[in-house]
């Protein structure tokens, strides 16, 4: 979050200047990705995103359009993403306690279930609900990998900072790596004189903030301003001090009440300065509150602002004030007294026998022997977080390590939070608490902590689930360690290429010795070796290099069925893992969550053609079709939901399904866990330098290529194709007259004309201001889903022939009967 309520105050006081993008020609601009997205996706955009999952449907169009503007003026962008959270940013939740965002999602879903369709007055009012809260930005953590993939596709530079993006951008700016910054008001807390707050790419202008002008207008010095920002709350210290009044409760006249905490705090600072004649800082005012908790929060906030880590030009991580001192920026930096500094240097010479000047408390070395040492608190690790080796921060900076995993290592606890559907289903709970998942966590943490100091190797990692009091304590100390168990597995081929393909891996790579004494050099060999070792962690490959039935299924499937798209093959792998978990029966309708509202499934050109049922939850009852057809449609919609609906509305308007969201959450859980395993195995391979020279990569393009070839890197698609399948086949099944061709035509017309209103230009508009959904695109995506279904049927037959525990004879017969039902209408 930016500085609480400051931005609106700056615009009220007309402290934001205006400029043309043209004056930025030939410059390098550093962009805070979270702020960039917050300017695009205001509260009124992507309102259904938490209800459908995935990334914003219009994100690619926006990024592509903005990059074209930069290209027009020869502006080079560098996108910076915030990394780990500090201790102040982490929140510890009680059992069954939901965050404000999660509470909002739960209440919206409940309102949807309780809505009575008979009270609707106009089209599509059935689901007009905003699943986003008024002042909360997009959940950035879930978008990082997809955004990085887009940056790689568009060939733009990016950086995942060690902690806060604003301070990383400040370093890059002062080090002359970039010419200007596009970021949030948090930049006012750094050593930046001016920055861009907002960019209007259509009108090709921007709004900028001059820090000196702001301080002069507010009549505050920099220390007073920093203290005030800590009181109202900012990104690195998000808690507003309890001295401010609470935000009023919503009411019909003011559904989103706001308070200008910054303005209130500013009045407090003026009154304090007038009363005490103290214009140096607000510390005296905070101490006068006689509240030890608030005072401790203040001290911690000051420390975080001064010493938050950044990654420097050489790729090493150092504290912000230390980096600024090296650049000759000494304002508001605490240095050691000369006597203390000389005494410390003498002690270091005696202890180490070397003439070095180091910072106190383990800080970075001074820029030169003549530079003064920066004061660093001895307990700074308790305030920010425990320190990791610089090499891991480098891998984090390119998106090679998952933030949640690193954060849990420094914190000592992995917090498992609710999925998007919020409520807990039996299937999702079974996945979370399964022995396989716990073992994989042991392996992942063991692989990473073995690369760290012994402190981390013996440190226990706790797993805290939101739904139960019991805390799981992982056994990440394994004997022998995991890297010793997997270091014998290699895949090397003299004919390998620089691109990894998952279907080719299962087709060709799981035969032979699976070991080599040669160097593995190509991207295909590197990722293949990582994939092989990950299969071992999953029990799909054993010590004797024998593969499990699941691998045999994939080998036969890859050899017999043409699945050329990597993403499609990944989806089949995840589907088999889901079947193996036994967490869900694919054709069993959900008893815990609602499907698509009947509002969208009434046969006719409008919702008024048939009488509507009244009563709570009536719009979700499916009494009009048989249980046999219901099972078939459930299976079809879940398989269809793997596919992407290639649309890009800025605010999706259409049906949603909580049951399909729950199904997606289970697939996303498997995908994330598999990716985490791949990433830690790859880092282990790099660090141990086992028959590879990855560490010697000189070009960032080599690292980018490695990231780009990692399978399972992107998040799962939203489930909208599953919604289309559910509506289409239910409409087909409900029609009592006409042949199959007529039913097919009616069902498709119903989707186009009523559900998605393709002929209405203002419905589901995209970034270009037109309807993002057209009939040709809908039919094309539908055909792709039908093709995917056909491959699923063949996969089921192969699976049943190899392992009936995955797909039994009975289930295979049900799949075939469903296929007969589907083929009637396609």
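All residue numbers here begin at 1 and follow the chain in the order shown.
Using N, Cα and C of the backbone, Cβ positions are placed for all residues, glycine too.
Just so you know, TrEMBL annotations are computer predictions that nobody has curated.
Of all ranges given (584-603, 604-623, 624-643), TrEMBL attaches the label region 'Disordered' to 604-623. Residues 341-371 are the range that TrEMBL records as region 'Disordered', among 248-278, 279-309, 310-340, 341-371.
Mapped onto DSSP classes, the domain 'XPG N-terminal' (1-102) shows 43 helix, 16 strand, 43 coil. Broken down with DSSP, the domain 'XPG-I' (152-220) shows 26 helix, 20 strand, 23 coil.
For the domain 'XPG N-terminal' (1-102), the mean pLDDT of the prediction comes to 95.
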